[in-house]
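Student: Got a structure for you, questions after.
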Amino acid sequence: MVAFGKRLKERQLEEWQGYYINYKQMKKRVKQYAQQIELGTLDRRHVLKDFSRMLDNQIEKIVLFLLEQQGVLASRIAKLGEEQDAVQPEPELQKIAKLREDYRAVGQDLLKLFSFVEINAIGLRKILKKFDKRFGYRFTDYYVKTRANHPYSQLQQVFKHVGFGAVVGALSRNLHDLQDRHGSYLSIYDQPTLPLQDPVIDSIRAAVDRLTNSTNFLNFLGQHALIMQEELPAHTDEPIDDQKYHFMSLILNLANTFLYMVNTYIIVPTADDYSESLGAAPTVCGIVIGAMAVAQVFSSVYFSAWSNKSYFRPLIFSSITLFLGNALYALAYDLNSIWILLLGRLCCGLGSARAVNRRYISDCVPLKIRLQASAGFVSASALGMACGPALAGLLQINFKIYKITFNQDTLPGWVMAAGWLMYLIWLSFSFKEPSHDIEENHKPHKSNAAESSELEKGQKQPLLVSSENKADEEAPEDCDGSEEAPQESRKPANSIGSAYRLLTPSVKVQLLIYFMLKYAMEILLSESSVITTYYFSWSTSTVAIFLACLGLTVLPVNIVVGNYISNMFEDRQILLASEIMVFIGIIFSFNLFFPYSEPQYICSGLLMFVSAEVLEGVNLSLLSRVMSSRLSRGTYNGGLLSTEAGTIARVIADATITLAGYVGVSRLLNLTLLPSLFICIASILATFYTYNSLY
């Protein structure tokens, strides 16, 4: 991976070079400390004192320059205010337009200042992590705790970005007063629910959001989508706002996500009955359900590559393939062929366009609403997961039209085929293909407009946090001392192999955790119909209600975690606690010493599912920050890697159900839970080992 110092320097403004954190010098000092300690010429206490003083000096330099620049901006705003007062008695359109542009120029310079703070904070966080890793100390924890709340600490200025609020408020109020209000006497303070609509103010709001040190529900949900962003703000324009974005096209992508998730889970309550009616064992339902995931392993790659050139054509292909796949699934009953059934599910998997949906949000949705779009993607998935089984529970009818049978086994296929046909018609008339003249690898543009969007990139991230809280966000940098050329370092991965080589040990652990939770959830959901029928004689409707209730917990759980738990505990603590709760859920799911009961199954399943949902959110949140920026774009991006890890987990889980079924349904539960247990233990141990070795 390229040296972080070079990437940091590339993002710095030339005229402010002397005021940024001297990352290169501090890195050399850390290396010197290591050599001197090895030779015995320095002791630990001297190193800590000297490095603390060096950090204090760097932060003081940054903060004093920050205050100076805030004063310059305040003076410019005050001068513009005097000019504005002078034109109020006899306003002229030309003078008002000039004042607006002058205020916006101040806003663009304010964005530069936001970028200055963010780059320095990232550099500071990096050097603290490097120090901890090199010496095995918890120095970051000590430094932040002793400086953050001290009355004379300059670190508060970085944490709370003091003074920015007043400048932003003055800009917003004056721009609002210059707008044509058609005779309205209301001020900006009288209409707090109607924020000022101005591109510069929108960019500033996004920058403030990025610099915040809190997590909310929308951010937590958006990170589930794993729409990767680059770590450092780049001085690039944001051309997609006007050229690419189309609201109805975004809705169509979210509708595709919803329908696909419904399509995935609508057959779960009846797959075992359908397999039996075709002469197969009920546990063949694992292969029937998993066939879709098998095809998705391959479809994710070609859809991701296809989306480099078009979004409309992949969605058309997806809709047609899913229509044909569901029709084949439904016709398998009258054709009395398990192979037609499996072929239908394979076709459905080949139509999985989730990679396109993600790429559309990443590439074509303006940054100011990208977080909401990402949250919409996750919400659509969760809603589809709940609606699929619920819809299956409603389709408990049986009739024939000519020689075609419509019953609880075939109706899910017919309903979804009709749904995809209607979607295809809607897509054909309403989707607008965005322009593709802007390539993946944007070259930097030096323009004023570029500055107004430089800090919108990415989701909200804290500036500087304790070592236990966010240290795992950082990937190891230039461990081997090698440095790539800057242009080469920003190129996206061009194969699965090159993408894998960009994964650090901590990223691999996050992917292992993702694999584990998807495996455990798939075992729980896919075998639910077989297990509940064998032990409790549940009907299809009862299984459907149980699965729908599980799906309906997704959004409430994310609300609680996003709004409360993530603000009370560190991400790493939530991660580990969730893994342990999944482990407990798996343990209590075993049928060992007592007769298996409905309360045991429901409570253990609910505990496992909810814990896995919490774990997925926190895990993807960490994963989105710890992955290399080169995995934020291109065909082989971070979203594709996580999708492949989850899909492979589902394939293996469904195959496990079918293979265990040959031993007998009476042993199915314990045999399928054993791999979940071992993988869960492995992920917990890997989490302990990775983070303890880092800190």
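Glycine is treated like the rest: Cβ placed from N, Cα and C.
What TrEMBL lists as compositional bias 'Acidic residues' is 474-486. The domain 'SPX' annotation in TrEMBL covers 2-145. Summarising the annotation, TrEMBL assigns region 'Disordered' to 438-492. Annotated transmembrane segment per TrEMBL: 250-268, 280-303, 315-332, 338-356, 377-399, 411-429, 511-536, 542-562, 574-593, 599-623, 668-691, in sequence order.
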Student: I need to check the long-range neighbours of the transmembrane segment (511-536): which residues 6 or more away from its ends have a CB within less than 8 Å of a CB in the stretch?
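Tutor: Counting only partners 6 or more residues beyond its ends, the transmembrane segment (511-536) has Cβ contacts under 8 Å with 265, 268-273, 282-283, 285-286, 289-290, 503, 542-543, 546-547, 550, 575, 579, 582, 586, 589, 591, 596, 598, 601, 605, 608-609, 612, 615-616, 619-620, 623, 641-642, 645-650, 652-654, 656-657, 661, 665-666, 668-669, 672-673, 675-676, 679-680, 682-683, 686-687.
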Student: State, in range form, which of 250-268, 411-429, 668-691 has the highest count of Cβ pairs under 8 Å to the transmembrane segment (377-399).
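Tutor: The listed stretch sharing the most Cβ pairs with the transmembrane segment (377-399) is 250-268.
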Student: Mean pLDDT over the domain 'SPX' (2-145): what is the value?
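Tutor: A mean pLDDT of 81 is what the predicted model shows over the domain 'SPX' (2-145).
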Student: With Cβ distances under 8 Å as the criterion, find the stretch in 250-268, 315-332, 411-429, 574-593, 599-623 that has the most pairs with the transmembrane segment (542-562).
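Tutor: Looking at each of 250-268, 315-332, 411-429, 574-593, 599-623 in turn, the most contacts to the transmembrane segment (542-562) are made by 599-623.
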Student: With DSSP as the yardstick, break the domain 'SPX' (2-145) down into helix, strand and coil residue counts.
Tutor: 124 helix, 0 strand, 20 coil
Student: Would you kindly list the residues that approach the transmembrane segment (411-429) from elsewhere in its chain, counting only those six or more residues past its ends and only Cβ-Cβ distances under 8 Å?
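Tutor: Cβ under 8 Å, 6 or more out: 252, 255-256, 259, 262-263, 266-267, 270, 312, 315-316, 319-320, 322-323, 326-331, 344, 391-392, 395, 397.
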Student: At a C-beta cut-off of under 8 Å, are there same-chain residues at least 6 beyond the transmembrane segment (250-268) that contact it? List them, or none.
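Tutor: 274, 288-289, 292, 311, 315, 318-319, 322, 326, 329, 345, 348, 351-354, 356-357, 360-361, 364-365, 373, 376-377, 380-385, 387-389, 391-392, 412-413, 415-416, 419-420, 423, 426-427, 430-431, 525-526, 528-529, 543, 547, 551.
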Student: Which bits of the chain, at least 6 residues beyond where the transmembrane segment (280-303) starts or stops, bring a Cβ under 8 A of a Cβ in it?
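Tutor: For the transmembrane segment (280-303), the far contacts come to 263-264, 267-268, 271-274, 314, 318, 338, 341-342, 345-356, 496, 526-527, 529-530, 533, 635, 640, 643-644, 647-648, 650-651, 653-658, 660-662, 665, 668.
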Student: In the same chain, who gets a Cβ under 8 Å from the transmembrane segment (315-332) while lying at least 6 residues past its ends?
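Tutor: Long-range Cβ neighbours of the transmembrane segment (315-332): 252-253, 256, 259-260, 263, 267, 274, 278, 303, 338, 340-341, 343-353, 356, 404, 410-414, 416-417, 420-421, 423-424, 427-428, 431.
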Student: I need to check the long-range neighbours of the transmembrane segment (574-593): which residues 6 or more away from its ends have a CB within less than 8 Å of a CB in the stretch?
Tutor: 513, 516-517, 520, 524, 535, 561, 565-566, 600-601, 603-605, 607-609, 611-612, 614-615, 618-619, 622, 669-670, 673, 676-677, 680-681, 683-684, 687-688
